[in-house]
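Annotated in TrEMBL:
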| type | residues | note |
| --- | --- | --- |
| TRANSMEM | 20-46 | transmembrane segment |
| TRANSMEM | 67-94 | transmembrane segment |
| TRANSMEM | 106-124 | transmembrane segment |
| TRANSMEM | 161-181 | transmembrane segment |
| TRANSMEM | 227-254 | transmembrane segment |
| TRANSMEM | 274-297 | transmembrane segment |
| TRANSMEM | 309-325 | transmembrane segment |
| TRANSMEM | 386-408 | transmembrane segment |
Amino acid sequence: MGVLALIFTDAGPIQVVEEWGIGLAGLLEFITQMALILFLGDILANTRPARKLLRRLATVPRTAIQAYLFVFLVAALASLITWGLGLVVGGLLAREVAHVFREREIPVHFPMLVAAGFSGFVVWHMGYSASGPLTAATPDSFVAEQLGAPLPVGETIFSTWNIIACIVTIAVVALALYLVAPRDSATVVPLKVDAREADVEIDDAVETPADRVDASRIPTTLIGLMLVAYLIIHFSLTLDVVNWSFLGLIMLLVRSPFELIALTKQAASNVGEILLQFPLYAGILGIMAGTGLMSVISEAFVAISTPQTFALFAFLSAGLVNFFVPSGGGQIAVQAPILLEAAETLSVDPALAIMAVAYGDQWTNMIQPFWALPLLAIAGLKMRDILSYTTIVLIASGLVFGTTLLIVSM
């Protein structure tokens with residue numbers, strides 16, 4: 001972006017560096033919100049009640065085909081609840097199902113199970129933790145400030161057309177997975193290691209009065225109930241409310257502060273990438289805004305678009321940008337200001353611009369290894385093991401997303 005600013009604007013090298021440096025700290029609140037979504041989703045998926053539920057769910061499918069589709073559907077539902085939960089649940093459930101099928105001596109293709117678990121992530125940006133729509137709905141966010149007022153989620157993730165698109169996407173992807181699922185037992189690659197991962201070890205030795213408090217369920221339960229009460233009184237769907245709702249649920253599910261500490265230590269290792277990357281995305285945004293590059297790109301975008309094709313081009317551009325900025329929140333930070341300015345010029349509904357970025361982000365995640373890493377680590381596989389299946393999901397879901405945006409733009 002710095003090079004583009006030097007080429008297409010009047011800014012010099014010193015100004016570009018200054019704008020980048022100023023921008024680094026421009027999204028600190030947003031960075032914290034994004035990190036918490038992944039952090040809390042990981043903790044929630046690894047609570048004992050959640051792990052027990054996954055082990056019970058793993059016994060539901062009876063055939064390999066049922067297993068692939070079941071893992072996908074559960075992962076999709078978890079991703080719609082919160083993307084951090086969806087990523088972890090997909091990997092854990094794939095392992096549990098593989099373990100159950102090995103005990104039953106039923107052949108099941110483990111890479112396909114893992115691919116199905118990751119494929120559920122293709123709808124995350126249409127759900128409860130959708131970064132773009134929630135940022136637009138959050139008062140005083142950088143998107144709301146550009147729009148002049150928060151954009152209600154009723155116009156984005158809870159719009160009729162998005163809900164229909166979500167249902168159709170799940171159905172089409174499920175059909176695609178059904179069609180490509182291996183049926184020849186000779187091609188099946190089974191689980192090679194024990195799937196059942198032990199619950200998190202908890203150091204709950206009681207040696208002092210403070211330890212007695214940390215070993216009790218009372219503190220976490222009280223905090224959880226307070227959060228529930230607050231959310232009932234002040235509920236409005238924003239990034240903060242999404243995070244506090246999951247924190248409240250976690251507090252009610254864990255048995256003690258000792259257990260919460262153990263889960264926190266385990267989940268913290270997955271958050272480092274976000275904390276490191278997002279200031280750099282904020283710096284990119286600083287360059288674009290401070291040098292005038294944002295306006296230049298916006299004008300170019302307007303020149304090749306019409307009100308009817310704008311959303312489709314925005315979707316395709318978001319899919320491309322996702323390879324370089326592999327984060328829904330990061331993409332909103334980089335692309336939303338540009339696309340909203342272009343949408344205003346073309347008199348396009350800003351909700352359509354926001355959802356186009358959301359669709360593009362979740363779309364190319366299917367072949368973008370960054371967000372697959374937590375799931376692949378759980379499964380013990382490489383991206384190449386699942387890429388052939390997730391590429392099919394990319395094609396199938398892309399047809400639904402593109403068609404939806406064209407129809408809504410008419």
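Numbering starts at 1 and runs along the chain as displayed.
Glycine is no exception: its Cβ is also placed from the backbone N, Cα and C atoms.
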Among the recorded stretches 20-46, 67-94, 161-181, 309-325, 386-408, which has the greatest number of Cβ pairs closer than 8 Å to the transmembrane segment (106-124)?
67-94
Counting Cβ pairs under 8 Å that sit 6 or more residues apart, are there three or more between the transmembrane segment (20-46) and the transmembrane segment (227-254)?
yes
Between the transmembrane segment (161-181) and the transmembrane segment (386-408), are there three or more CB pairs that fall under 8 A, provided the residues in each pair are separated by 6 or more in sequence?
yes
How about long-range neighbours of the transmembrane segment (309-325): same chain, 6 or more residues beyond its ends, C-beta under 8 Å?
281, 284, 301, 331, 334-335, 339, 342-343, 346, 348, 352-353, 355-361, 363-365, 368, 398, 401-402, 405-406, 408-409
